[in-house]
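K.L.:
The active site, charge relay system annotation in Swiss-Prot covers 120, 135, 157 and rests on sequence analysis.
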């Protein structure tokens, strides 16, 4: 399988998806036709989200079609060279994909060789479940099971920063809560600016920041770019 799982879409001082373009270009390998799944977008229309994505990827010669705009979305996915899943609200994303019967077709086409690109919520969707999202559950997706393209859980936008005077939990504390009730999980705290690529049977960590892996009953393990999972 070929996957590009990004923690986020924007970095300070850079345009939207600018940091991701070289990574996408490296994994295209001749693929030029993409379907875009915009369902995580809540405060922007799916048309606008698709147009925004298409404009950025045009520089790589990739044509983008919004899955919401086609007559037969399942067929569009089955014939896709690239499946792109944008960030936003993960619960809304999973709900829409489940209701439209898209989860199994996405899994199948990626296993057959399509490239999967997802950022933030799109990276969450590639995991076994969406239980490590940071998002508010604004809708009920009728279960948390997701695509299971990547075998570990990703927590995008990972940071342990706590504003002075703030009494809420840190991100690690919330992850530890999940590991109490689901100790079988391995959770990757993927900070902004980092990504995971899957290619030729290997999953490799990229990006300038330290990533952390959490397991029940163990200290967090710091990982740097180049680590293979």
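Just so it is clear, glycine is given a Cβ too, placed from its N, Cα and C backbone atoms.
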K.L.:
Between the Cα atoms of residue 120 (active site, charge relay system) and residue 157 (active site, charge relay system), what distance do you get, rounded to the nearest Å?
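P.N.:
Approximately 7 Å lies between the Cα of residue 120 (active site, charge relay system) and that of residue 157 (active site, charge relay system).
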K.L.:
If you count Cβ atoms within 10 Å of the Cβ of residue 135 (active site, charge relay system), leaving out that atom itself, what do you get?
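P.N.:
Taking every protein chain into account, the count is 19.
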K.L.:
Which residues of the same chain, at least 6 positions away in sequence, have a Cβ lying under 8 Å from the Cβ of residue 157 (active site, charge relay system)?
P.N.:
7, 8, 120, 134, 190, 191, 192
K.L.:
Can you count the other CB atoms that lie within 10 A of the CB of residue 120 (active site, charge relay system)?
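P.N.:
Residue 120 (active site, charge relay system) is surrounded by 29 other Cβ atoms within 10 Å.
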K.L.:
Where does residue 157 (active site, charge relay system) sit by DSSP, helix, strand or coil?
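P.N.:
Assignment for residue 157 (active site, charge relay system) reads coil.
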